[in-house]
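Here is what TrEMBL records for this protein:
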type     : residues : note
DOMAIN   : 15-486   : domain 'Cytochrome oxidase subunit I profile'
TRANSMEM : 21-41    : transmembrane segment
TRANSMEM : 53-77    : transmembrane segment
TRANSMEM : 98-117   : transmembrane segment
TRANSMEM : 137-159  : transmembrane segment
TRANSMEM : 171-199  : transmembrane segment
TRANSMEM : 219-242  : transmembrane segment
TRANSMEM : 254-272  : transmembrane segment
TRANSMEM : 284-308  : transmembrane segment
TRANSMEM : 337-356  : transmembrane segment
TRANSMEM : 376-396  : transmembrane segment
TRANSMEM : 457-482  : transmembrane segment
TRANSMEM : 516-534  : transmembrane segment
Amino acid sequence: MKQNQNTKVDRQDGKLAMAHFYVAFTALAIGGLAGLLQVLVRSGKFQLPAGIGYYQILTVHGVVLGLVLTTFFIMGFQLAAVSKTAGTLTKKQRTMGWIGFWLMTAGTMMAAVMILLNEASVLYTFYAPLQAHAIYYIGLTFVVVGSWFDGAAIIMKYAEWRRNNPRQPSPLLTFMSLVNTIMWIVATIGVAATVLIQLLPWSLGLVETVNVGVSRTLFWYFGHPLVYFWLLPAYMGWYVVIPRVIGAKIFSDSLARMSFILFLLFSIPVGFHHQLMEPGIDAAWKFLQVILTFLVVIPSLMTAFSLFATFEGFGRSKGATGLFGWLKKLPWGDARFTVPFIGMVAFIPAGAGGIVNASHQMNQVVHNTIWVTGHFHLTVATAVVLTFFGISYWLVPHLTGRVLTKAMNRLAITQGVLWAIGMTFMSGAMHAAGLLGAPRRSSFSEYGGAAQAAEWIPYQVAQAIGGSILFLAIILMLYIFVNLAFMAPKGSEEFPVGETAENAEKTPLVFENWKLWLGITAALILFAYTIPFIDLIQNAPPGSKGYKLW
Ligand code: HAS
C-alpha cells in the first residue's frame, strides 16, 4: 500500500503522544537509578541508605520500567502511528486518549507513593501472599483502565477508517496497533480480575485469605501476553519503519499481518509456562500450554525470516555478494537503524533462552534463578527498549517539529553501543550465575552464608560493572530525549513508513475478520484454562473458607 510519506502527525495528536513520552522517560530515569542501586547492593559492596529496603528498590525498578515506561511509551507510539497512517484523531478520539493518559498518570502516582512509603514492596508481579496497601492496587487498576481508554481511541479510529474504506486492508501500522490493543484488552481482564475480586478485598480486610493458586494463574494469564504487548510495538518498528529507514521495501505485508494475528491467538493460553514448577495444576494442562508456547515462537521465527529477507534483498540490490556481504551495505551511521538493529541481534540469544525456559525439564534448572532475570534483560530490556529508543530518535523530533542533528545521531549510536556492552556483561553474568543456581529476587545478604555466596561473587561484580555502564547509557538517552523534545534545531524529521515490495502478494482481507480471530482466541483461552481453574477453585488448600477464591 502506498503511504503519503509527507503527512505529519497532527499537532494536537503529537501533544497527546508526547505527554505519554514525558512520563515514560521520567520512569526511565527513576527506574534506571533503582537498577543501578540494585546491582551495587547485589555486588555486596554497597548498602542502601536511610533504611531503604532491597525489595522496595526492586519493586520501584520493576513497576516503573516494566509497567510504566512500557505502557506509556507503547500507547504514545501507537496513537501517533494510527494518527499518521489512518488519519488525524477526531475530537472524541483525542479526548478518550487524554482521559486515558490522566487516569494512567494518576494511577502511577498512587502506586508510586505507596511503594515509596514501603507499603507496597511486592515486586512488579505482586504475587499473593505478598500484600500491598489497597491504594497500590487501586493505582494499578487506574493504569489498566486508563490504557483501555487509550485503546478505545485506537479502536475507534480503526473502525472509522474501515467504514470510509470498505473492502480495503487497513494501513499496516494501524492494523498492528489494533492487534496489540485487542491482545492487551483481552489479557488485562486477568489482572483486573485478580486485583478487583481477590487482592483488593483482601488488602482492605474484607476477606481473610486469598486462593494463591488462582491469583498467580490469573496474573500469568495476563503476564505472558504482557511481554508480547511490549514486543509487538518493537516488531512494528522492525517490520514497517526499518525498511524505509534503510531504503528497502517491506518483504511481505501479509506475512507481517499473519505473524501479528498468531500473537493474538497464541500469546494468552500459555501462562502456565511461568508456573511449571507450581503445585495445583495438572501436568497434562502444563504440557498443553508448553505446546502452545512453542506455537507462539513461530511468529517470531517468521519475523526473523522476514527481516533477513529485507536486509539481504536490500544488500544484494546494492551489489552485495557472498553469504553475509549484505551486512556491509546497511546504513551503520544511522542511529534510527543501528540502535534497533542491536536490539534484533540481542533477540536471537534472548529467544533461544526463552525456548530453554519453556522446555519443561530445562525449566527445572533455570526457574527462579537469576538466569530468568538475564532472559528478560535481553528481551524487554534490550531488544524492546533499544527499539523504543531507536523510534524516539525520529518520532520525538517529528512530533516536536525539530530534527535529529548529526551530533545527536552520533551520541545515539554511542548510547546503543554502550547498552550492548553493559548488557553483555550484566545479562551474560546473570545467565551464567543462574546456571550455577544463583537465585533471582534476593539481595546479597539473603544468600544464606558467605561460603555459598562466594561462588557467585565474580558474577555479581560483572553484573555491577554491566549495570553501571547501562546507567551511563540511560543518562545519554535522557539527554538526547530532552534535546529532541526542547532544544534541537527546528525543522522537519520524517516519520518513516515502509512500503510493500512490488512483487509481494496482495494482502487478503481475511486478516480484518475480527469475528473469526476473536472467536478462535476465546476458544483457545477457554480450552486451555477452564478445567485448570475449576481444579484450582474446587481443590483449594485447607484453611480456605466458603468461596474458594479466598
Ligand atoms: Fe520470556 C520468563 C519463555 C519471549 C519476557 N520472559 C520471562 C519473564 C519476562 C519475559 C519478563 O517458558 C520473567 C517473568 C517473571 O517475572 O517471572 N519468552 C519465552 C519464550 C519466548 C519468550 C518461549 N520473554 C519473551 C519476550 C519478552 C519476555 C519477547 C519480553 C519482551 N519466558 C519464557 C518462560 C519464562 C519466561 C518459559 C518463565 C521462566 C520461569 O521459569 O520463571 C519466545 O517468544 C521467544 C521467541 C524468539 C525468537 C527469536 C527470533 C529472533 C528475531 C531477531 C532476528 C534478528 C535479525 C538480525 C534479523 C525465536 C526476530 C540479524 C543480524 C545478524 C547480524 C545475525
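Glycine is treated like the rest: Cβ placed from N, Cα and C.
Listed stretches 98-117, 337-356, 516-534 were compared with the transmembrane segment (171-199); the greatest number of C-beta pairs under 8 angstroms is found for 516-534.
Over the domain 'Cytochrome oxidase subunit I profile' (15-486) the predicted model carries a mean pLDDT of 94.
Long-range contacts of the transmembrane segment (337-356) within the same chain, counting only residues at least 6 positions beyond its ends with a Cβ under 8 Å from a Cβ of the stretch, are 234, 237-238, 242, 245-246, 294, 297, 300, 304, 307, 330-331, 362-363, 366, 371, 374-375, 378-379, 382-387, 389-391, 393, 412-413, 415-417, 419-420, 423, 431.
Here the transmembrane segment (516-534) does not touch the transmembrane segment (21-41). Their Cβ atoms form fewer than 3 pairs under 8 Å, with each pair 6 or more residues apart. Residues of the same chain lying 6 or more positions beyond the ends of the transmembrane segment (137-159) and with a Cβ under 8 Å from any Cβ of it are 67-68, 71, 75, 78-79, 82-83, 86-87, 89-90, 92-94, 96-97, 99-112, 114, 126, 170, 174-175, 177-178, 181-182, 184-185, 188, 191-192, 195-196, 199-200, 203. Distant neighbours of the transmembrane segment (219-242): 70, 73-74, 77-78, 81, 125-127, 172-173, 176-177, 179-180, 183-184, 186-191, 194, 250, 256, 259-260, 263, 267-268, 270-275, 296, 303, 306-307, 310, 336-337, 340-341, 343-344, 376, 379-380, 383-384, 387-388, 390-391, 496-498, 525, 529; these residues of the same chain sit at least 6 beyond its ends, with a Cβ under 8 Å from one of its Cβ atoms.
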